[in-house]
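To start, the structure itself, in structure tokens.
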Protein chains: 2
Amino acid sequence: MIRLPKYIHNSQGTLWLTEDERDNLKISYRIKEVLFEESSPFQHVMVLDSFDFGPMLVLDGVVQTTSKDGHIYNEMITHVPLSVHPRPQDVLIIGGGDCGAAKEAAKYESVRRIDLVEIDEAVVRASKRYMPEVSGNLSDPRVHYYYDDGVDFAKRASAAYDVIIVDSSDPVGPAQMLFEPAFYESLHRALREDGLMVCQSQSPIFHGDIMEQTYRRIGHIFPHTRLYTAVVPTYPGGLWSFTLGSKRELPEPERIRFNKTASYANQELVRRCFSLPAFLKERLELSADAARAH
Amino acid sequence: MIRLPKYIHNSQGTLWLTEDERDNLKISYRIKEVLFEESSPFQHVMVLDSFDFGPMLVLDGVVQTTSKDGHIYNEMITHVPLSVHPRPQDVLIIGGGDCGAAKEAAKYESVRRIDLVEIDEAVVRASKRYMPEVSGNLSDPRVHYYYDDGVDFAKRASAAYDVIIVDSSDPVGPAQMLFEPAFYESLHRALREDGLMVCQSQSPIFHGDIMEQTYRRIGHIFPHTRLYTAVVPTYPGGLWSFTLGSKRELPEPERIRFNKTASYANQELVRRCFSLPAFLKERLELSADAARAH
């Protein structure tokens with residue numbers, strides 16, 4: 001009998017991955033083949049070739065990105081801050097081991113250095129080898145890989161970056177520190193005086209509390225904060241939020257220019273991702289009012 | 001032993017609904033309680049109280065709408081056409097048995113009549129009784145219920161409506177006829193000379209072919225066609241498309257006004273839902289080019 005990797009089960013001759021992170025909702029993906037499996041010092045890493053989404057990166061049994069839709073997340077976490085900054089030169093990516101954010105950042109001619117700090121080398125290796133649609137099999141000489149703890153790395157930097165992208169997994173386990181105020185303070189120090197940061201701030205529908213807390217924490221440290229959304233089909237709820245924290249005033253959405261070739265992002269979307277649904281706008285306004293009254 | 005309703009299974013004392021419509025992706029919802037179950041002449045109808053989404057309407061084992069997010073779909077299928085029309089008075093809703101579209105249409109003072117044509121009376125009864133968050137437990141005297149076949153009903157109408165909303169289920173089984181050119185021709189005749197229709201046109205990501213076909217078919221019959229999107233968390237892929245077909249020119253998005261109270265829709269979103277992701281814009285443009293060359 002062949003041993004099945006952790007998290008995979010065989011049902012009547014068919015392989016399935018069932019995400020087990022949620023108590024009340026289970027999503028099962030039919031799998032063609034296990035392309036990569038390794039227990040790294042940090043987590044259990046797999047690339048599974050799925051029927052519906054092509055190769056998928058799976059960490060500790062949870063789908064992180066897929067070949068079919070991973071570009072949406074990576075384009076939106078990268079192109080919004082890089083379009084907002086007038087002339088980004090030095091970019092720091094924390095997390096982002098699938099290399100997709102680095103691939104998008106490399107589209108900017110003004111960018112001269114991209115530091116990618118991923119704690120788990122196995123994630124980068126697996127993504128480059130088995131998910132070229134996401135990683136772009138990146139060999140741009142401007143990209144520098146550091147297999148290091150993002151929190152420590154950020155602490156050591158000072159006024160060194162124009163844009164910092166925090167492309168973390170969910171705030172459980174190793175990524176939890178990436179949602180803490182102390183970390184945002186390090187990012188503030190690591191940015192130049194006109195710098196800005198962005199982070200993924202979870203689902204407005206299923207993790208509204210984390211989203212609101214992230215928005216508030218970044219708002220305590222950065223004078224200018226703005227939230228935007230994108231649709232990421234394989235994330236629960238589809239709608240996903242991102243939060244910008246900037247040292248200098250953010251431009252009005254209508255003034256943002258974007259002219260890169262991308263699959264999801266275009267200038268209209270990069271401007272309009274800041275238009276929030278009624279319930280979300282109201283929630284952030286109430287949160288801001290409460291913070292002021294405090 | 002208690003008999004479990006069709007589509008529900010018990011796993012270690014916990015009830016689950018597993019959607020079985022897709023071959024390669026299975027979604028399982030943990031269920032608190034079966035609130036309603038009936039085999040109607042048309043389908044198997046249930047309302048299940050779920051842990052994550054509250055009461056959900058389930059037809060033939062597939063989730064149609066939930067108390068948590070059903071309003072998003074209903075607001076977007078209703079407020080976009082009703083905001084685009086300068087003065088909607090007579091509205092026809094085909095399908096829409098959850099009553100959510102009727103609830104939203106009733107927010108317009110100019111509307112004097114809402115004809116709701118749902119083939120399955122059991123769906124309306126179940127939604128009114130067990131899903132008031134979606135149906136609004138509608139008792140507005142302007143709403144007239146017809147338990148009838150939408151295709152036949154539309155055939156009999158002539159220049160009678162300002163706006164027609166086709167709120168159908170997926171194009172398999174009873175709803176298939178609601179995606180056929182003959183049906184769109186009936187709608188064209190049923191509309192006044194400045195009238196417009198809207199239909200849900202499926203997921204741009206998972207049902208791109210149906211979306212494109214719907215857009216093309218409506219474009220053959222109506223001189224003005226436009227596609228928009230919204231995020232519906234419990235639909236596969238999150239991103240959902242809607243197609244407008246209009247007898248007269250559609251206003252530029254920036255000129256649309258919307259001032260109703262809603263949970264997802266606001267004026268910004270009603271305008272910006274027409275901003276499409278790059279891949280989608282390109283697909284529709286290629287399709288239009290092919291149609292012209294034909």
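A Cβ is built for glycine as well, from the same backbone N, Cα and C atoms used for every other residue.
All annotation found in TrEMBL is predicted automatically rather than curated by experts.
Annotated features in TrEMBL:
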type     : residues                                        : note
ACT_SITE : B:Asp167                                        : active site, proton acceptor
BINDING  : B:Gln43, B:Glu118, B:Asp149, B:Gly150, B:Pro174 : S-methyl-5'-thioadenosine binding site
BINDING  : B:Asp98, B:Asp167, B:Ser168, B:Ser169, B:Asp170 : spermidine binding site
DOMAIN   : B:14-247                                        : domain 'PABS'
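Contacts of B:Pro174 (S-methyl-5'-thioadenosine binding site) defined by a Cβ separation under 8 A and a same-chain sequence distance of 6+ are given as B:Phe42, B:Gln43, B:Ile119, in order along the sequence. Here the candidates are the binding-site residues B:Asp98, B:Ser168, B:Ser169. The one whose C-alpha lies nearest to that of B:Gly150 (S-methyl-5'-thioadenosine binding site) is B:Ser168. Here the CA atom of B:Asp170 (spermidine binding site) lies 15 Å from the CA atom of B:Glu118 (S-methyl-5'-thioadenosine binding site). Ranking the binding-site residues B:Asp98, B:Asp149, B:Asp170 by how many other Cβ atoms lie within 10 angstroms of each Cβ puts B:Asp149 at the bottom. According to its DSSP assignment, B:Gln43 (S-methyl-5'-thioadenosine binding site) is coil. Sequence-distant neighbours of B:Ser168 (spermidine binding site): residues of the same chain at least 6 apart with a C-beta under 8 Å from its C-beta are B:Ile94, B:Gly95, B:Gly150, B:Ala175, B:Leu178, B:Phe179, B:Cys199, B:Gln200. Shown in sequence order, B:Leu59, B:Val62, B:Gln64, B:Gly95, B:Ala175 are the residues of the chain, 6+ apart in sequence, with a C-beta less than 8 angstroms from the C-beta of B:Ser169 (spermidine binding site). Reduced to three states, the DSSP call for B:Asp149 (S-methyl-5'-thioadenosine binding site) is coil. For the pair B:Asp170 (spermidine binding site) and B:Asp149 (S-methyl-5'-thioadenosine binding site), the Cα-Cα distance reads 16 Å. Summarising the environment of B:Glu118 (S-methyl-5'-thioadenosine binding site), the number of other Cβ atoms within 10 Å of its Cβ, over all protein chains shown, is 25. Largest Cα to Cα distance within the recorded spermidine binders B:Asp98, B:Asp167, B:Ser168, B:Ser169, B:Asp170: about 15 Å as a whole number. Apart from the site residues B:Asp98, B:Asp167, B:Ser168, B:Ser169, B:Asp170, the chain places the Cβ of B:Gln64, B:Gly95, B:Gly96, B:Gly97, B:Ala175, B:Gln200 no farther than 8 Å from the centroid of the site's Cβ atoms, the recorded spermidine location.
Under DSSP, the residue listed as 'active site, proton acceptor' is assigned to a strand (E or B) in the three-state scheme.
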